[in-house]
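Below is one structure, written out as structure tokens; comments come after it.
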């Protein structure tokens with residue numbers, strides 16, 4: 001019988017590396033032994049973790065700043081240990097989080113046109129982990145909600161707007177956490193761990209919803225990510241050290257929906273997922289190829305599409321959000337491949353003859369607007385991403401600065417149940433806003449007065465000491 005080829009508009013997707021003058025050259029990419037992607041991209045900037053003596057640093061380059069990067073180019077260098085992971089805020093293209101071996105998470109505000117001086121002062125430092133922080137991931141739909149996971153096997157979810165740790169999941173993992181992924185609306189997370197378990201967790205209820213032991217039987221690192229339909233996609237290794245990919249339904253984790261063996265290379269497979277086209281791109285660390293698969297509802301569910309191959313192995317990989325792509329060229333993905341000394345963009349394109357907007361390739365995609373405020377999410381609300389159309393291209397709007405309002409610990413009354421100590425901020429009406437402003441003014445004036453008093457006291461003390469010195473000298 002003649003075999004019918006499966007119909008798919010993505011069957012002929014092809015990858016192409018850009019020309020040399022459009023690469024970012026002479027970058028000393030970090031050599032730290034950690035399986036993160038070392039690169040984060042958004043429609044304005046590309047950020048790359050680099051080698052730095054005496055601490056940790058990363059570069060933030062405007063996308064158009066291609067060519068050779070000068071050695072004296074300013075960096076973001078506030079960490080005292082190597083930086084392990086970085087992530088751009090999905091709701092503000094100038095805000096970035098970084099996790100480091102110094103056990104802290106830092107949140108940075110990047111100037112609109114990029115750095116002119118090195119940045120050493122973060123907007124906020126989030127301290128709560130007792131070992132190095134290897135994973136940072138922003139909430140997909142709620143503003144200022146950030147997740148971090150460390151080698152202390154703890155996951156902490158922060159309200160960056162107040163600098164507080166509001167959820168601490170420190171007793172769910174018995175071994176190192178390899179990765180954490182939010183689902184589409186940010187109500188659940190899934191994790192892959194060194195104990196070979198894949199867990200689906202409800203962070204606000206602080207309970208494990210589903211878990212699978214020995215999702216992949218090999219000892220090497222796994223990855224697990226949520227798909228748009230709620231299923232979980234994993235990559236890992238078989239007992240014979242063959243690389244595998246699998247698809248799971250969290251409602252029934254006994255058997256995978258699909259399980260495919262790939263090859264016997266030993267690099268960890270980093271999955272990058274596009275919910276709009278249901279394509280997963282797999283980039284192996286140390287590989288020189290990107291494989292891509294389409295996820296569908298029909299068997300075998302995970303369909304191999306093609307492989308982009310090059311000569312040089314990749315040290316890491318950045319993945320551009322959909323709103324940063326060129327829709328006029330039918331570009332459906334753009335990767336930023338890290339070599340030892342440079343970063344090379346790779347463009348994935350669907351060949352089409354027409355110059356018109358291809359609405360089947362570009363359904364409405366997640367935009368930069370947050371669907372929820374942090375407080376609403378912590379109170380239990382969920383919301384899907386706010387979608388935007390790419391028909392006329394994406395024009396970045398003005399980002400508001402990230403402001404951190406620390407709560408005064410002395411003012412807060414102790415509550416009966418610390419676990420449920422979530423912020424309840426009522427919706428501001430004009431009256432409450434003005435009352436709050438007046439209260440803030442009073443607070444500031446009091447603080448100014450107390451500082452002035454302190455200065456007067458210190459002045460008196462200095463003059464007394466000077467008199468004593470004069471007497472002794474005489």
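Keep in mind that glycine also has a Cβ here, set from the backbone N, Cα and C atoms.
Quantities reported herein were computed from a predicted structural model and do not represent experimental measurements.
TrEMBL annotations:
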| type | residues | note |
| --- | --- | --- |
| DOMAIN | 3-67 | domain 'DUF1899' |
| REPEAT | 76-118 | repeat 'WD' |
| REPEAT | 126-168 | repeat 'WD' |
| REPEAT | 170-211 | repeat 'WD' |
Non-local residues, at least 6 beyond the ends, that sit with Cβ under 8 Å of the repeat 'WD' (126-168): 34, 36, 81, 84-91, 97-107, 174-177, 179-182, 184-186, 189, 191, 201, 203-204, 206, 366, 370-378, 382-386, 402-407, 421-423
Same-chain residue ranges lying at least 6 outside the repeat 'WD' (76-118) that approach it to Cβ under 8 Å: 30, 32, 34, 36, 39-45, 47, 49, 52, 55-62, 65, 124-127, 129-138, 140, 143, 146, 148, 150, 158, 160, 321, 366, 368-370, 396, 399-402, 404
Counts by DSSP class (helix H/G/I, strand E/B, coil) across the repeat 'WD' (126-168): 0 helix, 25 strand, 18 coil
Residues in the repeat 'WD' (76-118) grouped by DSSP into helix, strand and remaining coil: 0 helix, 22 strand, 21 coil
Composition by DSSP (helix, strand, coil) of residues within the repeat 'WD' (170-211): 0 helix, 21 strand, 21 coil
